[in-house]
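K.L.:
This structure is in structure tokens; I'll ask about it shortly.
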Amino acid sequence: MIAFIIFREIGIISTRIAMDYCGRECTILCRLLDEDVTYKKIKLEIETCHNLSKHIDRRGNNALHCYVSNKCDTDIKIVRLLLSRGVERLCRNNEGLTPLGAYSKHRYVKSQIVHLLISSYSNSSNELKSNINDFDLSSDNIDLRLLKYLIVDKRIRPSKNTNYAINGLGLVDIYVTTPNPRPEVLLWLLKSECYSTGYVFRTCMYNSDMCKNSLHYYISSHRESQSLSKDVIKCLINNNVSIHGRDEGGSLPIQYYWSFSTIDIEIVKLLLIKDVDTCRVYDVSPILEAYYLNKRFRVTPYNVDMEIVNLLIERRHTLVDVMRSITSYDSREYNHYIIDNILKRFRQQDESIVQAMLINYLHYGDMVVRCMLDNGQQLSSARLLC
């Protein structure tokens with residue numbers, strides 16, 4: 001009986017000690033998440049904490065995850081201390097991220113800390129264990145020297161766990177979809193094709209490629225924020241990313257831009273700079289390219305800048321195609337104000353253009369006909385029979 005009591009008491013004491021250790025370690029994980037944590041405050045707790053490397057929070061984060069995902073200014077001394085206590089760099093949380101992946105989402109990325117968090121080795125089965133591809137290139141303040149190190153020396157590439165890899169995107173395509181791509185980083189990525197990194201940096205760059213290029217990705221990924229940078233667009237264009245490139249549906253980068261609520265004429269000029277055919281008619285297909293003029297393809301409010309309209313007209317395309325682009329294919333709605341303004345430009349220049357328009361629009365409705373008549377076109381049986 002006495003022996004039983006002794007063993008029971010020993011068991012209770014052991015449980016209490018284990019609970020105390022767990023409680024202390026969980027407290028430390030919470031403290032590492034505290035924005036006010038400092039090396040001086042946390043050093044003793046880390047050094048005296050038993051089995052710190054074994055404890056994980058409910059999100060799968062170890063002590064390194066907790067600290068490097070903190071919004072504070074990460075202290076390299078704390079990172080070194082945690083590593084010295086055996087906290088794993090290759091531990092993955094419930095999101096599948098190692099501490100390096102968690103840290104790269106941080107707003108203050110430091111190269112020295114990234115170097116500490118990188119881990120790469122071959123196990124007994126000669127399998128490479130590495131976390132290098134966990135690094136997220138979308139960090140706003142990524143250091144250019146760090147980027148060169150990661151790409152050239154460490155061979156970073158899009159993670160196999162992302163849709164980017166499935167879709168075969170290169171680093172340039174991925175980087176331009178980040179919230180604030182920097183021109184100097186983008187330029188280095190574009191110029192880095194000379195390095196043998198084991199995969200293509202850029203895909204679908206040329207006119208013959210019927211798939212999205214980096215301009216398509218950049219414009220479409222910033223539609224919600226409406227935040228396009230002229231410098232980024234110039235950087236892409238100046239480094240052979242084609243403004244003539246068409247996606248799988250045949251759309252140009254400029255057509256992606258027409259869906260923005262606010263259209264900047266300077267960006268339009270960049271995307272039309274090399275004689276882009278914005279009004280091309282594909283054979284007998286009714287698909288027309290001047291989406292800017294067509295209400296169907298614009299967001300609310302639908303505003304039209306006549307200076308941009310003039311840019312479209314000044315291309316080598318015919319007025320007929322421009323006018324067709326104004327109309328909606330699935331309704332009888334027209335922007336008569338724009339039609340009238342466009343026709344005024346040609347009133348004294350070439351009446352044959354207006355005549356051609358009249359023949360094309362006779363079956364659409366008398367409002368369009370009135371606009372044409374008001375701008376100098378005359379009805380005659382001879383012309384109507386043409």
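Quick reminder: no glycine exception, Cβ is built from N, Cα and C everywhere.
Feature list, courtesy of Swiss-Prot:
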type	residues	note
REPEAT	59-91	repeat 'ANK 1'
REPEAT	95-126	repeat 'ANK 2'
REPEAT	210-245	repeat 'ANK 3'
REPEAT	249-280	repeat 'ANK 4'
REPEAT	292-321	repeat 'ANK 5'
REPEAT	349-381	repeat 'ANK 6'
K.L.:
Are there residues at least six beyond either end of the repeat 'ANK 1' (59-91) with Cβ under 8 Å to its Cβ atoms? List them, or say none.
P.N.:
28-30, 32-39, 42-43, 46-47, 49, 52-53, 97-100, 102-103, 105-108, 110, 112-113, 116-119, 129, 131
K.L.:
Could you count the residues of the repeat 'ANK 3' (210-245) that DSSP puts in helix, in strand and in coil?
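P.N.:
Computed counts for the repeat 'ANK 3' (210-245) are 17 helix, 1 strand, 18 coil.
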K.L.:
So what pLDDT does the repeat 'ANK 3' (210-245) average out to?
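P.N.:
Mean pLDDT across the repeat 'ANK 3' (210-245) comes out at 89.
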